[in-house]
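Over in Swiss-Prot, the protein carries these features:
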- 1-26: compositional bias 'Basic and acidic residues' (COMPBIAS)
- Lys190: SUMO2 cross-link (CROSSLNK)
- 26-164: domain 'RanBD1' (DOMAIN)
- Thr13: phosphothreonine (MOD_RES)
- Thr18: phosphothreonine (MOD_RES)
- Lys150: N6-succinyllysine (MOD_RES)
- Lys150: N6-acetyllysine (MOD_RES)
- Lys183: N6-acetyllysine (MOD_RES)
- 1-35: region 'Disordered' (REGION)
- 163-201: region 'Disordered' (REGION)
Amino acid sequence: MAAAKDTHEDHDTSTENTDESNHDPQFEPIVSLPEQEIKTLEEDEEELFKMRAKLFRFASENDLPEWKERGTGDVKLLKHKEKGAIRLLMRRDKTLKICANHYITPMMELKPNAGSDRAWVWNTHADFADECPKPELLAIRFLNAENAQKFKTKFEECRKEIEEREKKAGSGKNDHAEKVAEKLEALSVKEETKEDAEEKQ
């Protein structure tokens, strides 16, 4: 037993004498990859509104239709700098996966969610969160009623802006259509006069 103690004492387990300068745990990558620029397709858009919220979609395809959580993250209202189109975009917090992506149209209407002053419900004809666009009934819930009201105010401003822009574009299209119709009438009259002139000769 004494011999076992002696051998244990002789064995030095301390790390004081080891030279740390020889240890260099630096690894070179096997394959070098060039840095890639990541595009979110938000570069050409101006951020009008951004706030944290939780999004739900109404799953009517189930046997028992119910609200299903789609994600928690920042909801944004983005306006395209050239086209002027405004869309609602929401990404999940950690994965940054899109959970809502659709244009705001004049027909959209935010309705209060039953029993809550901090949630809104609305319909969209084409939500692009999944691979293919599909109509959705969405609900969004904010931290408090004040944040929910801020969202509604900005959403309504955007909706009215789109409505006014479409009215202006619509009246411009009508003016253009009338001008084209007048030109067509003038052309047909000229053709008739040419035909009349040929018949007279």
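Glycine is treated like the rest: Cβ placed from N, Cα and C.
Each residue in the domain 'RanBD1' (26-164) has a pLDDT score, and their mean in this model is 91. Cβ-based neighbour count (10 Å, all protein chains) for Lys150 (N6-succinyllysine) stands at 14. Secondary structure of the domain 'RanBD1' (26-164), assigned with DSSP and counted as helix (H, G, I), strand (E, B) and coil, comes to 20 helix, 62 strand, 57 coil.
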